[in-house]
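Reading through the structure tokens given below for one structure.
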Amino acid sequence: MADARRMEEGLGHTPLIVNEEDQLSEKVDKKKGGDGIDNEKGERSSAALDQPLVPKAEDPSPKGEEQPLIKQKTKRVATLDAFRGLTIVVMILVDDAGGAYARIDHSPWNGCTLADFVMPFFLFIVGVAIALALKKIPKINAAIKKIIIRTLKLLFWGIILQGGYSHAPDDLAYGVDMKQIRWFGILQQRIALVYFVVALIETLTTKRRPTVLDPGHFSIFTAYRWQWIGGFIAFLIYMITTYSLYVPDWSFMVDTHHGPRRYTVKCGMRGHLGPACNAVGYVDREVWGINHIYSDPVWKRLKACTLSSPNSGPLREDAPSWCRAPFEPEGLLSSISAILSGTIGIHYGHVLIHFKGHSERLKQWVSMALCLLILAIILHFTDAIPINKQLYSFSYVCFTAGAAGIVFSGFYLVIDVWGLRKPFLFLEWIGMNAMLVFVMAAQGIFAAFVNGWYYETPEKSLNIFSTTKYFEVSPNGEETTTMIRSTGSTDMFLSMFGTQRG
């Protein structure tokens with residue numbers, strides 16, 4: 001029952017609908033060198049892909065009718081768990097070390113760094129997991145109900161975790177000003193939207209799914225045309241809005257040393273892909289309100305904003321007004337574009353279901369990944385559509401989905417084909433407990449627990465990852481904030497042994 005409650009949103013995959021027919025209809029077909037997935041009976045259960053199947057007993061009947069297998073305890077998908085675990089590890093790495101090593105932190109605007117792969121990798125996992133979990137749906141209405149409930153849970157926890165309620169690990173306090181709460185967050189809200197759309201399309205088209213694919217390399221695409229149509233509609237909404245929506249001048253307030261100060265950004269244009277006047281930011285300001293979007297965007301590390309670029313630093317005296325402005329990197333319009341990442345992921349799941357042989361799967365996966373990477377590189381270096389995580393541009397979708405396809409194929413080759421599973425057990429464990437690890441580590445709860453143990457004063461704590469803010473006042477009277485690593489743990493141990501730092 002515990003597994004049945006886990007989510008397919010990329011943070012803990014188990015099948016949404018578990019049917020006895022799924023578990024009893026697995027067969028072995030060794031003639032094609034595959035792993036025994038039979039296309040005619042609904043393919044192998046998604047939870048048993050990493051374990052060999054027990055072959056059926058020979059049928060003495062003259063008609064050769066197949067006998068059901070003995071019901072077995074389901075197993076998890078080792079490749080998917082390891083891939084999810086790797087994504088969690090990278091997320092924690094860039095969250096904790098990104099401030100110290102700007103090269104792995106999010107790209108200030110155009111380009112792609114290690115941190116920029118985390119979000120699309122999660123959405124790729126969402127798609128793969130949905131395909132496996134919704135492989136068979138006995139009751140469509142029940143499945144839709146579970147999808148809606150799961151989406152609402154994701155939205156709720158996303159707002160709690162990323163809306164600003166917890167101040168850990170920097171401050172052992174909690175609470176959020178509803179006037180400033182961040183409605184869209186780094187992870188959960190976007191995952192909730194992508195999961196809802198992709199899973200709903202998969203559920204509503206269940207009666208149109210083929211049991212056996214037609215011959216041809218592109219039959220997997222035509223068989224699931226509705227999923228691709230949904231992704232194409234999301235693509236059209238994003239592209240048309242991004243390039244045709246008129247962005248007027250806008251203003252915002254900043255708290256300075258001398259009180260609030262209003263800044264104005266001059267726009268009055270369409271199709272702009274820079275930080276100041278893009279349609280992605282305009283939609284979020286109009287829908288959520290400027291007080292409810294992210295107040296510390298990474299574009300502050302651009303050369304136009306700081307002399308410390310690509311690192312964080314005080315703003316330049318001649319910095320444009322938009323350098324001080326808020327911007328939501330996980331906003332509404334960019335999340336619509338992110339549906340494409342889930343669509344590509346669900347395609348990889350469909351390949352896993354329908355193709356028996358390892359070589360057939362890898363051929364499908366790698367060929368699509370290479371096509372996506374080539375398309376993204378062409379769009380980026382011709383300046384047609386730059387790779388941009390903040391805007392979630394189409395080239396960014398293609399580039400990160402292609403990279404996810406390559407990594408997923410590599411894990412599948414090593415773990416499922418070559419059988420080298422032991423080196424990845426740690427990643428599998430993290431993938432199986434991804435939600436727990438995500439909440440405890442990435443959201444500062446574990447760090448807050450450690451930070452709660454101090455000696456004499458809260459500043460002398462055990463937490464080596466906490467940060468301290470100090471303010472610099474520029475000549476024009478504005479306050480700029482710089483983050484430095486806390487030396488609280490060092491002070492604690494020195495005080496415990498009666499030593500003070502000079």
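The backbone N, Cα and C atoms fix where each Cβ goes, glycine too.
It should be emphasised that the depicted structure is a prediction, and the values quoted were computed from it without experimental measurement.
The compositional bias 'Basic and acidic residues' annotation in TrEMBL covers 1-11 (among others).
What TrEMBL records for 24-44 (among others) is compositional bias 'Basic and acidic residues'.
Annotation source TrEMBL lists compositional bias 'Basic and acidic residues' at 56-68 (among others).
Summarising the annotation, TrEMBL assigns domain 'Heparan-alpha-glucosaminide N-acetyltransferase catalytic' to 76-203.
The feature region 'Disordered' is assigned by TrEMBL to 1-70.
Summarising the annotation, TrEMBL assigns transmembrane segment to 77-94 (among others).
The transmembrane segment feature in TrEMBL is assigned to 114-135 (among others).
As annotated by TrEMBL, transmembrane segment applies to 147-165 (among others).
The feature transmembrane segment is assigned by TrEMBL to 185-205 (among others).
Taken from TrEMBL, the feature transmembrane segment applies to 226-246 (among others).
Among the features that TrEMBL reports, transmembrane segment is placed at 332-353 (among others).
Annotation comment: TrEMBL describes 365-382 (among others) as transmembrane segment.
What TrEMBL records for 394-415 (among others) is transmembrane segment.
Positions annotated as transmembrane segment by TrEMBL: 436-455 (among others).
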Beyond the flanks of the transmembrane segment (365-382) by at least 6 residues, Cβ under 8 Å: 110, 344, 347-348, 351, 394-399, 401-406, 408-409, 412
Long-range Cβ neighbours of the transmembrane segment (226-246) (under 8 Å; 6 or more residues past either end): 197-198, 201-202, 204-205, 208, 268-271, 273, 278-280, 282-283, 333-334, 336-337, 339-340, 343-344, 346-347, 350, 391-392, 394
Contact call for the transmembrane segment (394-415) and the transmembrane segment (185-205): at least 3 Cβ pairs under 8 Å, seq gap 6+: no
